[in-house]
Amino acid sequence: MPDPKQLLSKWIHRKISAPDDPASIQPGSAPSAVVPDKTGSMSEPVLDNLELALSLAEQAVAIAQVAPFIAPAAALLSEILKSYKEVKSANEKRNLLSEYIADLTGDICATVLRMEATNHSDLIGRLKQDLEKYSDLITKASRFIEDYDKQGKFTHFAGRNQLGDEMVKLNQELNSFGGRFRTNRLVDLAINQSDGARTLDRVHDMVVEEKLEKWLEFPPAMKQKQHDTEALRKEGTGRWFLEDTKFVEWQNNPGLLWIEGPSGAGKSVLSATVIKNVFEEEISFSGPKAPAPATAFFYFDFRAKETQRVEIALRRIILQLSAHSPHPYRALDEHYKLSNGQKLPSYKDLQKILQQLFRELGRTYIVLDALDECDDSDFASLVDLVSALRKWTETPLHILFTSQPRQIFTEGFEGITRIALEFNITQGDIRFFIAEEIRTNPKLKIWHHQTDDITDRVARKSNGMFRLAASLLIELARCKWEDQLDKKLENLPDSLFGIYDRFFDTIPPDDLVYVNAALRWIMFKKDLDEYDPDNYGPIPLEMLADAISFDFSNAEEYVCMPNRREANAGAIVGWLEGLVINPTIDGKPRVILAHASVQDYLLSTHFTTRFKCDLSESHSHTFLARTCISYFLYFENHLLDDARSHLFGMYAAERWCQHLLRSHDQAVLFSAAMHLLNGGGAYRALSSILQHRNSPLGFAAPLQLCCWHGYLEGVKALLALNVDINLAVPHTGSALTAASGHGHTNIVCLLLQSGANVNLPDVEGVYALTIAAGRGNIEIVCLLLENGADANLLSRAEGSALAAASYEGNTEIVCLLLENGADVNLPGGEYGSALGAASYRGRTEIVHLLLENSANVNLPGREYGSALGAASYRDEIEIVHLLLENGADVNLPGRKYGSALRTASYMGWTKLVHLLLENGADVNLPGGEYGSALGAASYRDEIEIVRLLLENGADVNILGGEYGSALGVASYMGRTEIVCLLLENGADVNILGGEYGSALGVASYMGRTEIVCLLLENGANVNAAGGEYGSALGAASYEGNTEIVHLLLENGADVNLPGGEYGSALGAATAGYGNIEIIHLLLENGANVNLPGGIYGSVLGAASNRGNKETVHLLLENGANVNAAGGEYGNALTVASAQGHTNIVKLLLENGADVNADEGSAVQAASNAGRTEIVDLLLENGAVRPST
């Protein structure tokens, strides 16, 4: 068996989240999404992950408390690996599901093993709820995979929608649970730390940080950019800058410093040097009396659109500074709470938050690199931001920024201290850089004897630009002979455009069309969203090779040439040397332009004139659209088999129309587009790939697809062909709902004019009006209403159009719908009504408006019961006041929480609880998952609210809910202080009810030793019968809580008290964790091994179901009747046979089990379950097949 510590270490190593947090495991993170190879086989990393997760699960199964939850996952992973090794291939979607299961199982087992290894196994009980949910998901996954594998390929295709939906839902559930588990297990992260309180604070900060990152839409992190830019610096360069009096003055005194220089002058490397220097200075600054200064930085980057907006830069800077604050993330979190994260902060909001942070932080350094690479439309905002920062005087603020010369900057930054990177300033560093390159670059080492001459000539030609010097050296590295070198040295260009011309001149003329094609893709590929690991970010080399595998000689239709892919991948690197770099990201080689000056060159009139090729954005989109369309036209006459395994095909399927709509001339693409949209083989190939990617467009007809994308000419042409305008398909809906949902007003107008049914629901039961109202498109809402849209139709999930608009807070649309007859009291949707939706989202103005229009304040809702319940859940206290003033029934019941008071108690809203009590809330209204308001507050450990409820007459002994009573809830959650408080206030320690029978049963099940002692001291009946496990002893025995079993027996627990699902405590012990120590203990204390009862009929039956040979053997040694009859299966042999436990079947037979008892039920059960090995074994031992 592998060493658990080594396994744990290996898993943690794989799950390291960041260099500055090497100890943290990241459970619930999405799997690595390694793409299977062309055969569908799992890649080696995926297999390794599965095997490692299985090894961890096998270790964790040995821990009694978690065994029942982990064992099914271990069995499932084992089956997945076995299946793969037998057939050597698998469906890619099935592989992804397997990855989710392995990733989550590994995280959970690593957490448990870590607790065990650090002597904190007593805390494992806190994971109980997580483990129960996890076990349910694993059961669901097992059933799904079993059903999936039983079906052939034809069935998969025929039922692809249902299967796909089920798999997507299951993946989402696993991922969602993983995220919750990550938060819920914070206590584990605090284990084995020297300062528990500080660690828990840090963990809390991590959770808040994650929430705020998500709220701010994950502004791009700068750590990798800083790392990569630092790596470009040659040791020994940049010293002149760090010693410059202007820099030293800036470093020591608040103010602004502007580094200005031409493209390629090394500004970004200087920025990285400054950032590194400031962080190093932090160490020397820090101390108890001198807190370290805070540092934030941002690189604007022409290569990544997400780094080219000022607001995005501000979001990242604020997140960086928030982490430095003495009150981490407080300022930002306060703003989040203003809208519960429903509204992004505006530019002005961000400036205010930044100023608040400056006040908290004291001395602060901010570095902004490459302002000129910000989007042109944001230049004015940049100048405004710098001007605002310039005026800040309350705390020491040091701002450094770099840019190329721009007129707007020259005017806007007048008076700011400036260092201009001119030839004479950077010459020394450039000479050093050249000499180091000759010494270390293998391609230049051959000329080391001419180092001085090459250095002199290249430095002179570089004109103070590192980028030009580096490019000139690439040119020299191509020389094979000395005379060739001398000739090139004599004719070196002195500009970046000049050297780039040289690079292009070396490309064979016949290859230029492919080079230009590649460059168009590199510059203008439309990034997919951040959840798509295949296509997000810089273009993968594999995809680029695929994208230029065409014969481009026919301008009307390019011919796909798949056999060129492999050769293209190697050619691209050679063609584009000096123009691109090839970083490896997420294990894939990518291709990125080497420098901003390369894009300037490619888009210049100089390039267009010299090479007779227009690479401008709109012309490039025309080319890219035609390439995508041509890719699918290839499948008119070819099989699709391998198309789905290529990145380009997946990209083209989702983005062809976006490129078309950005084309400089859509008309030239019309014929090709209509060829694709005619519904033939090309369109079937497109649809198949979209289905493979679980795209909502996978089942869209051509008309719906055009309406979704907004391709008006395509819609016109298809309507002219008399296609079914009212056809509705899964996910996309009808043409009208697709166009309405995506805001294409001109297409909505055309569809309505062409006879589209304005009141036709889509497949999911959603109407166009509801979608448009929810999206806030008033023009489309008006159009639909003018054309007869019924304002009172109910969509399944969203409810009415009025509810959708109310939820989103669009007052203008709400008014418009009311004016057009919308029923303000139409029930339906997740929040019950429009008023419920508005109340939940805190839309005070709309709540007023709806009430003024006679909204029924007490209309029942779903989850939250009423509008008051919905507002209470979100602590919308102003709306609660408003609803109460308008007659809201404070005691209206709901589903999960039961009433507004129970909701507020559960959520911990103390002020709101006061308000509801003041307005007549019944403190003893029973109902909801936790039985009462007191139970809800006890569950969440809201002791202040518990006291408040008790002061207001809460009945401490109300029966109800899963845990029986408030005392049961508090006992379940381990809330010792609340248990004491409830007992002091008269809680009946022996009140019966709930899943566990009593408070003592709950505490025993959860392993709450301290609370068990407390309850016993207060008179708890140790033999109170009831609940799933029959008694407290049964609950503790099932869960393997040895200490509590001892304690209960010492306090007079009847070891043979019958009852519960497993008949007795001994039955529960064998059916649950199978804790052999507890089984011995119960037997030693007189447990009757032959006590009948429970779903398996006997203790031996329960043990046979569990499949633990040691337990079965022990019971037989202690006189268990091997042929005892009873239970759902009839006897122990039948149980073991049905469950497939061959070793148990053999053991029972060896001990005299009657193979033909109960008319041969054992062989029948084994046969029904497909246990052929056991059927044969039983027949060999004299079993007679029952007559059919």
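Glycine residues also receive a Cβ, built from the backbone N, Cα and C atoms like all the rest.
Just so you know, TrEMBL annotations never went through curation; they're auto-generated.
Region 'Disordered' is the annotation TrEMBL gives to one range among 18-40, 225-247, and that range is 18-40.
For the repeat 'ANK' (731-763), the list of distant contacts is 696-700, 703-710, 712, 715-716, 719, 725, 769, 771-772, 775, 777, 779-780, 783-784, 787-790, 793, 795: same-chain residues at least six beyond its ends, Cβ to Cβ under 8 Å.
Broken down by DSSP into helix, strand and coil, the repeat 'ANK' (896-928) contains 17 helix, 0 strand, 16 coil. The list of residues near the repeat 'ANK' (896-928) in space but at least 6 beyond its ends in sequence, with Cβ under 8 angstroms from a Cβ of it, reads 863-866, 868-869, 871-873, 875, 877, 880-881, 884, 890, 934-937, 939-940, 942, 944-945, 948-949, 952-955, 958-961.
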